[in-house]
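**Student:** For 9-428, the entry in TrEMBL reads domain 'Major facilitator superfamily (MFS) profile'. Marked as transmembrane segment by TrEMBL: 49-71, 78-98, 104-124, 136-158, 164-183, 243-269, 275-296, 308-329, 335-361, 373-393, 405-424.
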């Protein structure tokens, strides 16, 4: 029963990822209707619409650092709870837009809220989880993202733009309701000198007969350590190494081709002669992501973080290598099934490893005194990487061609395996203190 309580609290907090997924997936399904002038009283240009997609990433990057400060000062729960308000207002801007600038504002606000959730939710989930369930719960955020994206693809394909926007705005109300009942992080409560409340939260989240004395002792001991200054904390070997590992994993998350696969999926299915409508193509890929993430969630604490990352890198490397050959000349050989299969296998590879694991590792690698700020730094970099890839990918295709671009993704994917083998510590089954010792090289 204790595990179930942790899972419910973790899933409720991670529902911000569902809202993130719906927001991130919004632009694809509505693009045709908006550019055709069937959605609003105005019709944006193609370049203006492209910016509505890109501003989401910039908004997310802009809010990560402030959210790190806010969750350290006011708590994880309160910040996530209050984010539901601007999330709703962002969708209101998009729903009632009278000018393209309202779309810009709405998308930027949605991005800002999503960026804040990408910092707060993974940290909260790891802080309420027992060691044995931390891996599974660390996958909740990405699981919610892919479910939100799939919801967006389905609703956007079969609903009007107005109805789609209304459904998305309702999600901000849902997350507010879900977060009301979840407790504050016990780590935050102990840091704020409220050990009795922290003990009450642990009892609430653990089995009725669970001994929480060891957990409380660790939390209290951590707060009684001599506090380092900001400069000392960020000059520690463990902090520097944690940032290096986390940021590099996020580089691989964004620069191994996920943007390109999403961009090309409709054309690949069309060229393969499947006869499948564009909207259904995106739904298929979204469903593959969800179906792949679920078993990975169950096996993360058995196989470990490194194994899934290596497996993910190999699969993505092989499939982008094949796609490079496809665009080099195989398109003319009537073997479209090769490209379709490669896209689906790529999604499986990404969903079991580089989709969810970097977020989990980010929440595990840092000491409690620097976790909110370090998590914010890593998340900021992630969203900036996403923005860069979105803008650079079309340029690379234009300058070097699709084949060379996909081969570049293959090189990065295989390189990620080498990095994981030699630089990433295995955190499976280890307490946060043991992970700090690993980062020290002990």
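Backbone N, Cα and C atoms are what each Cβ position is placed from, and that goes for glycine too.
Remember, TrEMBL labels are computer predictions, not curated facts.
Bear in mind that the values here come from a model prediction, so they are computed numbers and not experimental data.
Each of these features: where is it, how hidden is it, and who are its neighbours?
**Tutor:** If you look at the transmembrane segment (49-71), the same-chain residues 6 or more away from its ends with a CB under 8 A from one of its CBs are 23-24, 27, 31, 34-35, 79, 100, 103-104, 107-116, 118-120, 123, 188, 372-377, 379-380, 383-384, 386-387, 390-391.
Long-range neighbours of the transmembrane segment (164-183) within the same chain, counting only residues 6 or more positions beyond its ends whose Cβ lies under 8 Å from a Cβ of the stretch, are 9, 12-13, 15-16, 18-19, 22-23, 26, 29-30, 77, 80-81, 84-85, 87-88, 91-92, 94-95, 128, 148, 152, 155-156, 201, 204-205.
Sequence-distant contacts of the transmembrane segment (243-269) (same chain, six or more residues past either end, CB-CB distance under 8 Å): 28, 276, 278, 281-282, 284-285, 309, 313, 316, 320, 323, 336, 339-340, 343, 346-347, 350, 354-355, 357-358, 361-362, 365, 374, 377-378, 381-382, 385-386, 388-390, 393, 402, 405-406, 409, 412-413, 415-416, 419, 423-425.
For the transmembrane segment (308-329), the list of distant contacts is 249, 252, 256-257, 260, 264, 296, 299-300, 335, 338-339, 342-343, 345-346, 348-350, 352-355, 357, 401-407, 409-411, 413-414, 416-417, 420-421, 424: same-chain residues at least six beyond its ends, Cβ to Cβ under 8 Å.
Among residues of the same chain six or more beyond the transmembrane segment (405-424), those with a C-beta under 8 A of the stretch's C-beta atoms are 244-245, 248-249, 252, 255-257, 260, 305-306, 309-310, 313-314, 316-318, 320-321, 323-324, 327, 354, 361, 393, 396-397.
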**Student:** Should the transmembrane segment (335-361) and the transmembrane segment (78-98) be scored as in contact, given a threshold of at least 3 Cβ pairs under 8 Å and pairs 6 or more apart?
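**Tutor:** Taking Cβ pairs at least 6 residues apart, the transmembrane segment (78-98) and the transmembrane segment (335-361) are not in contact, as fewer than 3 fall under 8 Å.
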**Student:** Taking residues 6+ outside the transmembrane segment (78-98), which of them lie with a CB under 8 Å of any CB in it?
**Tutor:** 13, 16, 19, 23, 26, 40-42, 67, 70-71, 105-110, 112-113, 116-117, 120-121, 124, 162, 165-166, 168-169, 171-173, 175-176, 179-180, 184
**Student:** Taking a Cβ cut-off under 8 Å, which residues six or more beyond the ends of the transmembrane segment (275-296) line up next to it in the same chain?
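**Tutor:** For the transmembrane segment (275-296), the far contacts come to 25, 28-29, 139, 142-143, 146-147, 149-150, 153-154, 156-158, 261-262, 265-266, 269, 308, 343-344, 347-348, 350-353, 355-356.
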